[in-house]
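One structure is given below, encoded as structure tokens.
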Amino acid sequence: MKETIEFLIDTVEARQVLDSRGNPTVEAEVFLECGASGRAIVPSGASTGAHEAHELRDGGSKYMGKGVLNAVNKIHETISPALCGLSSLDQIAVDKLMIEIDGTPNKSNLGANSILAVSLATARASANALDIPLYRYLGDPLSNLLPVPLMNVINGGAHAPNSLDFQEFMLVPHGVNNFSESLRMGTEIFHSLKSLLDQKGLSTAVGDEGGFAPNLSSSEEAGDLLLEAIQKAGFKPGEQVSLALDAASTEFYSDGIYKYEGKSLNSSEMISYLSRLVSNYPIVSIEDGLAEDDWEGWSELNKELGNKVQLVGDDLFVTNTERLRKGIMEKSANSILIKVNQIGTLTETLEAIELAKMSGFTSVISHRSGETEDTTIADLSVATRSGQIKTGSLSRSERIAKYNRLLKIEEELGNQARFAGALGLGPKNI
């Protein structure tokens, strides 16, 4: 009786708000019969994969065409009436109904941004009604693993107005016993890096994800700076802190050629270059080392480096189980990046994580470059025991909000909390 009455969805409200880049995005609020409610705000990416679910934008002159009032109206006029009377506890039924109403392969009718906002808000409302944390609602009693953070402290590519082709150069602070110490380590290196950049007369302006965006001559120069910053902060590269890359190779790939740092490279040459980087730096993870549809190249990359480092498919898989299955069959990677707005519902996100886990792939829960104060991904990383999270650098409050949420979760868990880095989990070979 409690489920049939107290957890019934009463109504869904929505509004247009702004993300961290000043672009409109959707916030949804699900209200239950019992009086509980839950809110969620969806993020948006800058370097988006061609196979991602479709964001609904208004077009026209307002907000340079990026308004989302149409998506908000879809929630008010279509989604809310359809969900009224459903149990918020039946997340699968809620998400399935929205997918059925949309009726398109990529959610282009209702919009992935409107569907996702409602999907996440539904889970939040259920957790609030049960008076339990979201990570506990989405997970189980064993959901006590705090993730290793992959901290994007040097931004390039589509995330920054500088000369770097690779999009992210990340710190992976793993050689400590808990998340809070990992965060402290990353923060101290971040400030050490800022000091180094100042000393060298390089810009300390930050990019979309809070990392520095200096004009550097090469990825190697970025790697050298990170190693110097780690040592300057008093830590040991490779032993306590490793490195990770997001090449975002699709952004500089065309007609079978990678236009990288003024050179034209084929897939084999790009793989050889990545292999040299792995040999010369303590790199434990490479994301989107090749382009999203270079399947043959990905298989070769996995043969070359798959037993040495984590090879993460972001644009390659777009949190989509169909593309992930293809990658598993073709042995195209060994890890998947999880971005909830790439697929558009919580249910499909959890399905992708489960498929990855069953297939021996790791999962990295990730933010987007256009973020908000919403902290759902922090809870999701603990709920699913993914062991890894990407949520930006150590500046910009929309990034820090997720780190602060993880600190609170670790505090709530007390002596039950475990840290993936201390257990040798997270990226390969840490």
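Keep in mind that glycine also has a Cβ here, set from the backbone N, Cα and C atoms.
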Listed co-binder of (2R)-2-phosphoglycerate (same site as Gln167, Arg368, Ser369, Lys390, source Swiss-Prot) among Lys194, Lys200, Lys331, Lys339
Lys339
I'd like the number of other C-beta atoms within 10 A of the C-beta of Asp314 (Mg(2+) binding site), please.
29
In the three-state scheme derived from DSSP, which category covers Glu209 (active site, proton donor)?
coil
Expressed in Å to no decimal places, the gap between the Cα atoms of Ser369 ((2R)-2-phosphoglycerate binding site) and Glu209 (active site, proton donor) is 6
Could you name the residues, excluding Asp246, Glu287, Asp314, of the same chain that surround the Mg(2+) site, i.e. Cβ within 8 Å of the Cβ centre of those residues, in sequence order?
Gln167, Glu168, Leu245, Ala247, Ala248, Ile286, Asp288, Val312, Asp315, Leu337
Could you give the Cα-Cα distance between Glu209 (active site, proton donor) and Arg368 ((2R)-2-phosphoglycerate binding site), in whole Å?
8
Rounded distance in angstrom between the Cα atoms of Arg368 ((2R)-2-phosphoglycerate binding site) and Asp314 (Mg(2+) binding site)
11
Which same-chain residues, if any, lie at least 6 apart from Glu287 (Mg(2+) binding site) yet have Cβ under 8 Å of it:
Glu168, Ala244, Leu245, Asp246, Ala247, Ala248, Val312, Gly313, Asp314, Leu337, Val364
